[in-house]
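Over in Swiss-Prot, the protein carries these features:
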| type | residues | note |
| --- | --- | --- |
| CROSSLNK | 5 | ubiquitin cross-link |
| CROSSLNK | 26 | ubiquitin cross-link |
| CROSSLNK | 30 | ubiquitin cross-link |
| CROSSLNK | 39 | ubiquitin cross-link |
| CROSSLNK | 47 | ubiquitin cross-link |
| CROSSLNK | 57 | ubiquitin cross-link |
| LIPID | 133 | S-palmitoyl cysteine |
| LIPID | 143 | S-palmitoyl cysteine |
| LIPID | 156 | S-palmitoyl cysteine |
| REGION | 2-94 | region 'Required for homooligomerization' |
| REGION | 149-160 | region 'Interacts with SPRY1, SPRY2, and SPRY4' |
| TOPO_DOM | 2-104 | topological domain 'Cytoplasmic' |
| TOPO_DOM | 126-178 | topological domain 'Cytoplasmic' |
């Protein structure tokens, strides 16, 4: 079966699988081969960003959604004039909208630069310092853990086993007296 050529329904020629059920290197049918070839790596630097849904992972669902009703509320019986309430709503909403845009225009790029540098340093330290230190610690602690385990099995296990045997014959009988 190996080495033969097959023609699929579209008339395309492809090589036969190594064995009937296929393997990870050479799948047994064309659809599996197509699935394996479809997997592409996407570069994070060239992917397109969504300009409509700017919070696809919902990071700010609970914290930043502040509307007029979340900040200013008049209880029953204490209401201002309707025109004042509408003007206050419009003023709050427009001010928040444009001031956020102004702050984003002034500080958005510098803050993105600062946070990019910060997370680059954090990633660098995690990859090149933290994980190697933890791995080194785990390797070095194995020696101590073996010695500790031997000491526990030598001294503590017999002691606690003896204490367990002593108290294994203790019987308690409870009676309710009325």
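Glycine is no exception: its Cβ is also placed from the backbone N, Cα and C atoms.
Sequence features annotated in Swiss-Prot and their locations in the structure.
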residue: 47; record: ubiquitin cross-link; Cβ within 10 Å: 8
residue: 57; record: ubiquitin cross-link; Cβ within 10 Å: 7
residue: 133; record: S-palmitoyl cysteine; Cβ within 10 Å: 10
residue: 143; record: S-palmitoyl cysteine; Cβ within 10 Å: 9
residue: 156; record: S-palmitoyl cysteine; Cβ within 10 Å: 10
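Per-residue confidence over the topological domain 'Cytoplasmic' (2-104) averages out at a pLDDT of 74.
When the C-alpha distances from residue 143 (S-palmitoyl cysteine) to the recorded positions 47, 57, 133, 156 are tabulated, the minimum falls on 133. Under DSSP, the residues of the topological domain 'Cytoplasmic' (126-178) split into helix, strand and coil as follows: 43 helix, 0 strand, 10 coil. Secondary structure at residue 57 (ubiquitin cross-link), as computed by DSSP, is coil. Looking only at the recorded positions 47, 57, 133, the one with its C-alpha closest to residue 156 (S-palmitoyl cysteine) is 133.
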